[in-house]
(Lines of atoms letter the chains of each structure in order from A and count residues from 1; the text may use other names and numbers.)
(Lines give C-alpha, C1' and ligand atoms only; values in the text may rest on other atoms or scores of the structure.)
Protein backbone atom coordinates (compact mmCIF):
# COMPACT_ATOMS: atom_id res chain seq x y z
CA UNK A 1 0.00 0.00 0.00
CA UNK A 2 1.51 3.35 -1.05
CA UNK A 3 -0.38 6.39 0.22
CA UNK A 4 1.56 9.65 0.01
CA UNK A 5 1.70 10.37 3.71
CA UNK A 6 4.00 9.95 6.64
CA UNK A 7 4.18 6.43 8.09
CA UNK A 8 2.15 5.75 11.20
CA UNK A 9 4.98 5.50 13.71
CA UNK A 10 3.38 4.39 16.93
CA UNK A 11 4.51 5.79 20.23
CA UNK A 12 6.21 3.44 22.67
CA UNK A 13 4.87 3.10 26.17
CA UNK A 14 7.40 4.01 28.87
CA UNK A 15 6.66 0.97 31.04
CA UNK A 16 9.70 -0.98 29.84
CA UNK A 17 13.15 0.60 29.96
CA UNK A 18 15.01 0.49 26.66
CA UNK A 19 17.86 -1.99 26.82
CA UNK A 20 21.49 -1.18 26.28
CA UNK A 21 23.89 -2.52 23.69
CA UNK A 22 25.19 -5.17 26.05
CA UNK A 23 21.99 -7.21 25.86
CA UNK A 24 21.69 -7.57 22.08
CA UNK A 25 20.30 -10.99 21.20
CA UNK A 26 22.34 -13.31 19.05
CA UNK A 27 19.85 -14.73 16.59
CA UNK A 28 22.35 -17.38 15.58
CA UNK A 29 21.01 -19.42 18.52
CA UNK A 30 17.47 -19.55 17.10
CA UNK A 31 17.63 -22.90 15.31
CA UNK A 32 19.39 -24.52 18.26
CA UNK A 33 16.67 -23.12 20.48
CA UNK A 34 13.99 -24.46 18.16
CA UNK A 35 15.42 -27.93 18.56
CA UNK A 36 16.05 -27.84 22.29
CA UNK A 37 13.66 -25.46 24.06
CA UNK A 38 10.49 -26.37 25.87
CA UNK A 39 7.12 -26.49 24.12
CA UNK A 40 5.66 -23.13 23.30
CA UNK A 41 2.37 -22.10 24.84
CA UNK A 42 2.36 -25.00 27.30
CA UNK A 43 1.49 -22.65 30.12
CA UNK A 44 -1.20 -20.62 28.38
CA UNK A 45 -2.54 -22.47 25.32
CA UNK A 46 -6.25 -23.10 25.26
CA UNK A 47 -9.63 -21.53 24.85
CA UNK A 48 -10.45 -18.61 27.09
CA UNK A 49 -6.95 -18.29 28.56
CA UNK A 50 -5.59 -14.79 28.97
CA UNK A 51 -2.41 -13.94 27.10
CA UNK A 52 0.79 -13.10 28.98
CA UNK A 53 0.70 -9.62 30.49
CA UNK A 54 3.66 -7.32 30.93
CA UNK A 55 6.07 -9.05 33.29
CA UNK A 56 7.58 -6.76 35.96
CA UNK A 57 10.77 -8.84 35.81
CA UNK A 58 11.23 -7.76 32.19
CA UNK A 59 11.23 -4.16 33.35
CA UNK A 60 14.32 -4.78 35.48
CA UNK A 61 16.31 -7.18 33.32
CA UNK A 62 17.31 -4.80 30.56
CA UNK A 63 14.07 -4.46 28.61
CA UNK A 64 13.70 -7.77 26.79
CA UNK A 65 10.68 -9.56 25.38
CA UNK A 66 10.26 -13.22 24.46
CA UNK A 67 9.58 -13.93 20.80
CA UNK A 68 7.14 -16.68 21.76
CA UNK A 69 5.06 -14.20 23.77
CA UNK A 70 5.00 -11.68 20.92
CA UNK A 71 3.81 -14.40 18.54
CA UNK A 72 1.20 -15.71 20.98
CA UNK A 73 -0.27 -12.25 21.37
CA UNK A 74 -0.12 -11.76 17.60
CA UNK A 75 -2.10 -14.94 17.01
CA UNK A 76 -4.74 -13.97 19.54
CA UNK A 77 -5.05 -10.45 18.14
CA UNK A 78 -5.26 -11.88 14.62
CA UNK A 79 -8.34 -13.86 15.68
CA UNK A 80 -9.96 -10.78 17.18
CA UNK A 81 -9.15 -8.62 14.17
CA UNK A 82 -10.55 -11.22 11.77
CA UNK A 83 -13.81 -11.32 13.72
CA UNK A 84 -14.17 -7.54 13.54
CA UNK A 85 -13.32 -7.39 9.82
CA UNK A 86 -15.92 -10.05 9.06
CA UNK A 87 -18.50 -8.25 11.17
CA UNK A 88 -17.93 -4.98 9.29
CA UNK A 89 -18.36 -6.76 5.97
CA UNK A 90 -21.39 -8.72 7.14
CA UNK A 91 -23.11 -5.53 8.30
CA UNK A 92 -22.07 -3.54 5.20
CA UNK A 93 -20.44 -0.89 7.37
CA UNK A 94 -17.22 -0.42 5.43
CA UNK A 95 -17.52 3.41 5.30
CA UNK A 96 -14.76 3.62 2.69
CA UNK A 97 -12.64 6.74 2.22
CA UNK A 98 -9.62 7.48 0.02
CA UNK A 99 -6.58 8.26 2.17
CA UNK A 100 -4.17 8.97 -0.70
CA UNK A 101 -2.82 7.82 -4.04
CA UNK A 102 0.11 5.70 -5.10
CA UNK A 103 2.89 7.10 -7.29
CA UNK A 104 0.99 5.54 -10.21
CA UNK A 105 -2.17 7.49 -9.29
CA UNK A 106 -4.12 4.54 -7.87
CA UNK A 107 -6.55 5.40 -5.05
CA UNK A 108 -5.64 3.99 -1.63
CA UNK A 109 -8.88 3.19 0.23
CA UNK A 110 -9.33 2.85 3.97
CA UNK A 111 -12.40 1.43 5.71
CA UNK A 112 -13.75 1.13 9.22
CA UNK A 113 -12.54 -2.47 9.14
CA UNK A 114 -8.94 -1.24 8.66
CA UNK A 115 -9.30 1.18 11.57
CA UNK A 116 -10.94 -1.26 13.97
CA UNK A 117 -8.47 -4.01 13.16
CA UNK A 118 -5.59 -1.58 13.64
CA UNK A 119 -6.92 -0.56 17.06
CA UNK A 120 -7.09 -4.20 18.13
CA UNK A 121 -3.49 -4.90 17.14
CA UNK A 122 -1.96 -1.68 18.42
CA UNK A 123 -3.83 -1.46 21.70
CA UNK A 124 -3.50 -5.20 22.27
CA UNK A 125 0.27 -5.10 21.92
CA UNK A 126 0.50 -2.00 24.10
CA UNK A 127 -1.59 -3.69 26.75
CA UNK A 128 0.57 -6.82 26.89
CA UNK A 129 3.99 -5.33 26.06
CA UNK A 130 4.33 -1.72 27.17
CA UNK A 131 7.46 -0.32 25.57
CA UNK A 132 7.46 -2.43 22.42
CA UNK A 133 7.80 -0.34 19.26
CA UNK A 134 5.28 -0.69 16.46
CA UNK A 135 4.90 0.48 12.88
CA UNK A 136 1.46 0.16 11.29
CA UNK A 137 -0.09 1.04 7.95
CA UNK A 138 -2.88 2.93 9.69
CA UNK A 139 -2.75 5.84 12.11
CA UNK A 140 -2.32 5.56 15.85
CA UNK A 141 -5.71 4.76 17.45
CA UNK A 142 -6.96 7.35 19.89
CA UNK A 143 -8.22 5.04 22.64
CA UNK A 144 -8.03 1.51 23.97
CA UNK A 145 -11.67 0.53 23.60
CA UNK A 146 -10.73 -2.42 21.39
CA UNK A 147 -8.62 -4.19 24.02
CA UNK A 148 -10.04 -7.53 25.18
CA UNK A 149 -8.57 -9.66 27.90
CA UNK A 150 -9.41 -13.20 26.76
CA UNK A 151 -8.29 -14.87 23.55
CA UNK A 152 -8.84 -18.20 21.86
CA UNK A 153 -5.33 -19.21 20.91
CA UNK A 154 -4.46 -20.91 17.65
CA UNK A 155 -2.77 -24.33 17.77
CA UNK A 156 0.58 -24.28 19.59
CA UNK A 157 3.79 -23.51 17.77
CA UNK A 158 6.66 -25.98 17.91
CA UNK A 159 9.24 -25.83 20.68
CA UNK A 160 11.88 -23.18 20.45
CA UNK A 161 10.40 -19.78 19.72
CA UNK A 162 11.36 -18.62 23.22
CA UNK A 163 14.19 -16.37 22.08
CA UNK A 164 14.80 -13.16 24.05
CA UNK A 165 14.74 -9.97 21.99
CA UNK A 166 15.94 -6.56 23.13
CA UNK A 167 13.12 -4.04 23.03
CA UNK A 168 15.51 -1.38 21.74
CA UNK A 169 16.25 -3.46 18.65
CA UNK A 170 12.79 -4.97 18.14
CA UNK A 171 9.79 -3.62 16.28
CA UNK A 172 6.40 -5.12 15.38
CA UNK A 173 5.12 -4.25 11.91
CA UNK A 174 1.37 -4.48 11.42
CA UNK A 175 -0.81 -4.55 8.33
CA UNK A 176 -4.27 -4.62 9.91
CA UNK A 177 -6.04 -5.33 6.61
CA UNK A 178 -4.07 -6.20 3.49
CA UNK A 179 -5.95 -5.94 0.17
CA UNK A 180 -8.35 -3.21 1.27
CA UNK A 181 -9.33 -2.45 -2.33
CA UNK A 182 -10.30 -6.06 -2.87
CA UNK A 183 -12.15 -6.05 0.47
CA UNK A 184 -14.36 -3.22 -0.80
CA UNK A 185 -14.95 -5.18 -4.03
CA UNK A 186 -15.98 -8.36 -2.15
CA UNK A 187 -12.92 -10.25 -3.43
CA UNK A 188 -12.47 -11.64 0.04
CA UNK A 189 -10.05 -14.51 -0.58
CA UNK A 190 -7.28 -11.90 -0.94
CA UNK A 191 -7.84 -10.32 2.47
CA UNK A 192 -5.26 -10.99 5.18
CA UNK A 193 -3.97 -9.48 8.39
CA UNK A 194 -0.23 -9.54 8.93
CA UNK A 195 2.11 -9.22 11.89
CA UNK A 196 5.89 -9.21 11.56
CA UNK A 197 8.53 -9.22 14.30
CA UNK A 198 11.67 -7.35 13.22
CA UNK A 199 15.00 -7.45 15.04
CA UNK A 200 17.77 -5.06 13.98
CA UNK A 201 16.03 -4.42 10.69
CA UNK A 202 15.52 -8.08 9.73
CA UNK A 203 12.29 -10.09 10.05
CA UNK A 204 12.59 -12.96 12.53
CA UNK A 205 8.95 -14.12 12.48
CA UNK A 206 5.73 -13.39 10.64
CA UNK A 207 2.02 -14.18 10.86
CA UNK A 208 -0.30 -14.16 7.83
CA UNK A 209 -3.98 -14.79 8.52
CA UNK A 210 -6.49 -15.20 5.68
CA UNK A 211 -9.49 -13.57 7.28
CA UNK A 212 -12.28 -15.12 5.23
CA UNK A 213 -10.76 -18.59 4.78
CA UNK A 214 -11.37 -21.53 7.10
CA UNK A 215 -7.70 -22.21 7.77
CA UNK A 216 -5.27 -21.43 10.59
CA UNK A 217 -2.94 -18.47 10.44
CA UNK A 218 0.42 -19.18 8.82
CA UNK A 219 3.36 -18.55 11.14
CA UNK A 220 6.97 -18.50 9.96
CA UNK A 221 10.02 -18.34 12.25
CA UNK A 222 13.20 -17.55 10.33
CA UNK A 223 16.22 -19.81 10.74
CA UNK A 224 19.43 -18.65 12.38
CA UNK A 225 21.38 -18.11 9.18
CA UNK A 226 20.42 -16.90 5.73
CA UNK A 227 19.31 -19.95 3.76
CA UNK A 228 18.81 -22.15 6.82
CA UNK A 229 15.25 -23.45 7.06
CA UNK A 230 13.34 -22.27 10.11
CA UNK A 231 9.88 -23.24 11.36
CA UNK A 232 6.54 -23.06 9.56
CA UNK A 233 3.11 -23.59 11.11
CA UNK A 234 -0.37 -23.29 9.63
CA UNK A 235 0.46 -25.38 6.58
CA UNK A 236 1.26 -29.10 6.66
CA UNK A 237 4.14 -28.45 4.30
CA UNK A 238 5.09 -26.24 1.41
CA UNK A 239 3.99 -27.50 -1.99
CA UNK A 240 6.36 -27.29 -4.92
CA UNK A 241 4.92 -25.68 -8.03
CA UNK A 242 4.21 -28.23 -10.76
CA UNK A 243 2.56 -28.16 -14.18
CA UNK A 244 1.31 -24.71 -15.19
CA UNK A 245 2.24 -23.33 -11.77
CA UNK A 246 5.94 -23.78 -12.61
CA UNK A 247 5.63 -20.93 -15.11
CA UNK A 248 3.19 -18.77 -13.14
CA UNK A 249 4.30 -15.50 -11.57
CA UNK A 250 1.97 -13.72 -9.14
CA UNK A 251 1.77 -9.95 -9.60
CA UNK A 252 -0.38 -7.19 -8.13
CA UNK A 253 -3.82 -6.63 -9.62
CA UNK A 254 -4.16 -3.14 -8.11
CA UNK A 255 -0.54 -1.88 -8.26
CA UNK A 256 0.47 -3.64 -11.47
CA UNK A 257 2.81 -1.06 -13.00
CA UNK A 258 4.74 -2.83 -15.75
CA UNK A 259 4.28 -6.19 -14.02
CA UNK A 260 2.54 -8.04 -16.84
CA UNK A 261 5.07 -6.85 -19.43
CA UNK A 262 7.96 -7.76 -17.13
CA UNK A 263 6.71 -11.33 -16.75
CA UNK A 264 6.15 -11.94 -20.46
CA UNK A 265 9.35 -10.16 -21.55
CA UNK A 266 11.83 -11.24 -18.88
CA UNK A 267 10.68 -14.78 -18.04
CA UNK A 268 10.40 -16.93 -21.20
CA UNK A 269 7.27 -19.09 -21.29
CA UNK A 270 5.84 -17.59 -18.10
CA UNK A 271 2.43 -16.09 -17.50
CA UNK A 272 1.31 -13.46 -14.97
CA UNK A 273 -1.32 -14.24 -12.36
CA UNK A 274 -3.00 -11.07 -11.08
CA UNK A 275 -3.86 -11.23 -7.38
CA UNK A 276 -4.57 -8.85 -4.52
CA UNK A 277 -2.53 -8.40 -1.36
CA UNK A 278 1.13 -9.16 -0.75
CA UNK A 279 0.23 -11.65 1.97
CA UNK A 280 -2.02 -13.60 -0.37
CA UNK A 281 0.60 -13.65 -3.13
CA UNK A 282 3.20 -14.98 -0.71
CA UNK A 283 0.77 -17.79 0.18
CA UNK A 284 0.37 -18.56 -3.54
CA UNK A 285 4.13 -19.17 -3.64
CA UNK A 286 4.10 -21.13 -0.38
CA UNK A 287 1.25 -23.35 -1.63
CA UNK A 288 2.85 -23.95 -5.05
CA UNK A 289 0.10 -22.14 -6.98
CA UNK A 290 2.72 -19.74 -8.34
CA UNK A 291 6.46 -20.23 -8.75
CA UNK A 292 7.29 -16.63 -7.87
CA UNK A 293 5.85 -13.34 -6.67
CA UNK A 294 7.26 -10.29 -8.45
CA UNK A 295 6.42 -6.66 -7.68
CA UNK A 296 7.88 -3.86 -9.83
CA UNK A 297 6.58 -0.68 -8.19
CA UNK A 298 7.28 0.85 -4.80
CA UNK A 299 5.95 -1.06 -1.83
CA UNK A 300 5.92 -0.44 1.91
CA UNK A 301 7.47 -2.39 4.74
CA UNK A 302 4.25 -3.52 6.44
CA UNK A 303 2.96 -4.88 3.11
CA UNK A 304 5.76 -7.43 2.74
CA UNK A 305 7.47 -8.00 6.10
CA UNK A 306 5.39 -11.00 7.24
CA UNK A 307 5.61 -12.51 3.75
CA UNK A 308 9.39 -12.07 3.87
CA UNK A 309 9.56 -13.93 7.19
CA UNK A 310 7.28 -16.78 6.11
CA UNK A 311 9.14 -17.49 2.87
CA UNK A 312 12.56 -17.24 4.51
CA UNK A 313 11.32 -19.67 7.17
CA UNK A 314 11.08 -22.37 4.48
CA UNK A 315 14.46 -21.49 3.00
CA UNK A 316 12.98 -19.38 0.22
CA UNK A 317 14.11 -16.08 -1.21
CA UNK A 318 12.74 -12.58 -0.67
CA UNK A 319 14.76 -9.68 -2.10
CA UNK A 320 14.45 -6.57 -4.24
CA UNK A 321 14.97 -6.88 -8.01
CA UNK A 322 18.71 -6.35 -7.50
CA UNK A 323 18.92 -9.37 -5.21
CA UNK A 324 19.40 -7.37 -2.01
CA UNK A 325 17.72 -8.42 1.25
CA UNK A 326 15.16 -5.93 2.46
CA UNK A 327 15.97 -3.98 5.61
CA UNK A 328 12.99 -2.84 7.65
CA UNK A 329 13.62 0.62 9.10
CA UNK A 330 10.88 2.83 10.53
CA UNK A 331 12.58 5.95 9.21
CA UNK A 332 12.60 4.58 5.64
CA UNK A 333 9.65 2.19 5.18
CA UNK A 334 9.41 2.41 1.38
CA UNK A 335 11.11 -0.16 -0.84
CA UNK A 336 11.76 1.46 -4.20
CA UNK A 337 13.28 -1.50 -6.04
CA UNK A 338 10.36 -3.90 -5.95
CA UNK A 339 10.20 -7.47 -4.67
CA UNK A 340 11.10 -10.94 -5.93
CA UNK A 341 9.92 -13.87 -3.79
CA UNK A 342 10.28 -17.62 -4.34
CA UNK A 343 10.35 -20.94 -2.47
CA UNK A 344 14.05 -21.62 -2.92
CA UNK A 345 17.40 -19.92 -3.41
CA UNK A 346 17.77 -21.71 -6.77
CA UNK A 347 14.50 -20.29 -8.08
CA UNK A 348 15.39 -16.89 -6.63
CA UNK A 349 18.67 -16.83 -8.53
CA UNK A 350 16.92 -17.78 -11.81
CA UNK A 351 14.35 -15.00 -11.61
CA UNK A 352 16.90 -12.40 -10.52
CA UNK A 353 19.23 -13.36 -13.36
CA UNK A 354 16.46 -12.99 -15.93
CA UNK A 355 15.32 -9.68 -14.46
CA UNK A 356 18.81 -8.27 -14.57
CA UNK A 357 17.76 -5.50 -12.20
CA UNK A 358 15.06 -4.29 -14.58
CA UNK A 359 11.61 -3.16 -13.44
CA UNK A 360 10.24 -2.72 -16.98
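Easy rule for this one: first residue shown is 1, then count along the chain.
The backbone N, Cα and C atoms fix where each Cβ goes, and this holds for glycine too.
Small disclaimer: the values here were computed from a predicted structure and weren't measured.
Residues 137, 175, 177, 178 are given by TrEMBL as Mg(2+) binders; from 287, 303, 308, 320, that same site also lists 303. For the ranges 8-26, 27-45, the feature annotated in TrEMBL as transmembrane segment maps to 27-45. Counting every protein chain shown, the Cβ of residue 177 (Mg(2+) binding site) has 28 other Cβ atoms within 10 Å. Residue 137 (Mg(2+) binding site) counts 26 other C-beta atoms within 10 Å of its own C-beta, drawing on all protein chains shown.
In the three-state DSSP scheme, residue 303 (Mg(2+) binding site) is classed as helix. In this structure, 303 is the one among the binding-site residues 175, 178, 303 with the smallest number of other Cβ atoms inside 10 Å of its Cβ.
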